[in-house]
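Report on the following structure.
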Amino acid sequence: MAVTWWASPAKLNLFLHITGRYEDGYHALQTVFQMLDYGDEIGVETSDTGEISLAQSISGVADHENLVYRAAKLLQTETRTTEGAKLHIHKRLPMGGGVGGGSSNAATTLCALNSMWRTALNQSELIELGQQLGADVPVFIHGRTTFAEGTGDKFTDITTPDTVFLVAHPNVHVSTQAIFTAADLPRKTPVISSQHYSFNATQNDCQEIVCKRHPEVAKLLQWLLQFAPSRMTGTGACVFSVFSDRISAEKTLKQLPSQWSGFIAQGVHTSPLLKQLKQYSI
Ligand SMILES: C[C@@](CO)(OP(=O)(O)O)[C@H](O)COP(=O)(O)OP(=O)(O)OC[C@H]1O[C@@H](n2ccc(N)nc2=O)[C@H](O)[C@@H]1O
Ligand SMILES: Nc1ncnc2c1ncn2[C@@H]1O[C@H](COP(=O)(O)OP(=O)(O)O)[C@@H](O)[C@H]1O
């Protein structure tokens, strides 16, 4: 059976405000999820054996914990389909870096298999399944650059300026849970309206404590700020810089000190996955 490849794009949090905390300990957030044209790819070979397998493992992640495998199992169980699949993962995105690779892989697997297995769940049913896999899975099923609230699950789509991003990884790992349980994390940022969003009037509330705990993130941020406005995404560790043209972004990437790595991506309104799904269903 031939492999059909599906886009699994990255996201950036252009800002991240923590506006409160729910009783279950989760934080109320406001953020803009910016979809990028760059990411991983998930290859799907369907079969009628009912078996689900990964064609290759990801280092450090047990196969049964891999979000691609878990997403496929969840859809199969929920829809009671007798179909199976062999799933390939072409990784480009740094893991646990705040660009949402794992969540995006889960979203792509759910959406791609729902099309290829013809299980016919609608978008809100897929989002409900996605929520069970992680807080950032729903936005990748939604597939548009959007202003998000709640735990990142209430969406108001917005149009952001045409931007080329340099996304850089400081090669340190930041634990999302450790940041959200930190006593000194600001948790009372006033709520803003999606209509009044601007990059310059917002911040990432996690950035200061991540920089304190992980000096390498602070160092990378300082280095990038010489060239363009820059900010951390999510709970880190990646930092992005905002450029109006690709040539300047590429020039800066070429100068990136060798202890760090990075990639260039164009901000997009509609994710490459959503575009592909529309074409597939025509
Ligand atoms: C805050 C964001 C913004 O994009 O950070 P990044 O992961 O992208 O860096 C995400 O929503 C994160 O999503 P995700 O990484 O999937 O979080 P989960 O696995 O659901 O939660 C990890 C841990 O973070 C804490 N957590 C997460 C989200 C939230 N709104 N409040 C929290 O307090 C919880 O303690 C939870 O145990
Ligand atoms: N297919 C996958 N790709 C990436 N990470 C995965 C995958 N499956 C499980 N994980 C686990 O999920 C964690 C978070 O992944 P990721 O979405 O890349 O982080 P972030 O939300 O910080 O961008 C990883 O550190 C890894 O342990």
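Cβ atoms are placed via backbone N, Cα and C, with glycine included.
Copied from TrEMBL, the annotated features are:
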ACT_SITE  Lys11  active site
ACT_SITE  Asp136  active site
BINDING   Pro94, Met95, Gly96, Gly97, Gly98, Val99, Gly100, Gly101, Gly102, Ser103, Ser104  ATP binding site
DOMAIN    66-143  domain 'GHMP kinase N-terminal'
DOMAIN    211-260  domain 'GHMP kinase C-terminal'
If one measures from the C-alpha of Gly98 (ATP binding site) to the C-alpha of Asp136 (active site), what distance in angstrom results, rounded to a whole number? 10
Pro94, Gly96, Gly98, Gly100, Gly102, Ser104: which of these binding-site residues put a Cβ within less than 6 Å of any ligand 2 atom? Gly96, Gly98, Gly100, Gly102
Helix, strand and coil residues within the domain 'GHMP kinase C-terminal' (211-260) as assigned by DSSP: 24 helix, 8 strand, 18 coil
Filter the candidate list Lys11, Pro94, Gly96, Gly98, Asp136 of recorded positions, keeping only entries whose CB is under 6 Å from an atom of ligand 1. Gly98, Asp136
How many Å separate the Cα atoms of Lys11 (active site) and Gly96 (ATP binding site)? 12
Taking only the residues in the domain 'GHMP kinase C-terminal' (211-260), give me the average pLDDT of this model. 98
Can you name the residues of this chain that are 6 or more positions from Gly96 (ATP binding site) yet have a C-beta less than 8 Å from its C-beta? Gly102, His173, Val174, Thr176, Ala237
How far is it from Pro94 (ATP binding site) to Asp136 (active site), counting Cα to Cα, in Å? 16
Would you mind checking how many other C-beta atoms are within 10 angstroms of the C-beta on Gly98 (ATP binding site)? 28
Other residues with Cβ within 8 Å of the Cβ centroid of Pro94, Met95, Gly96, Gly97, Gly98, Val99, Gly100, Gly101, Gly102, Ser103, Ser104 at the ATP site? Ala10, Leu93
Helix, strand or coil at Pro94 (ATP binding site), per DSSP? coil
Distance [Cα-Cα, Å, rounded] between Gly100 (ATP binding site) and Asp136 (active site): 7
Nonlocal residues around Asp136 (active site), in sequence order (Cβ under 8 Å, 6 or more apart): Lys11, Phe33, Gly100, Ser103, Ser104, Gly152
Pull the DSSP breakdown for the domain 'GHMP kinase N-terminal' (66-143) and write it out as helix, strand, coil residue counts. 44 helix, 7 strand, 27 coil
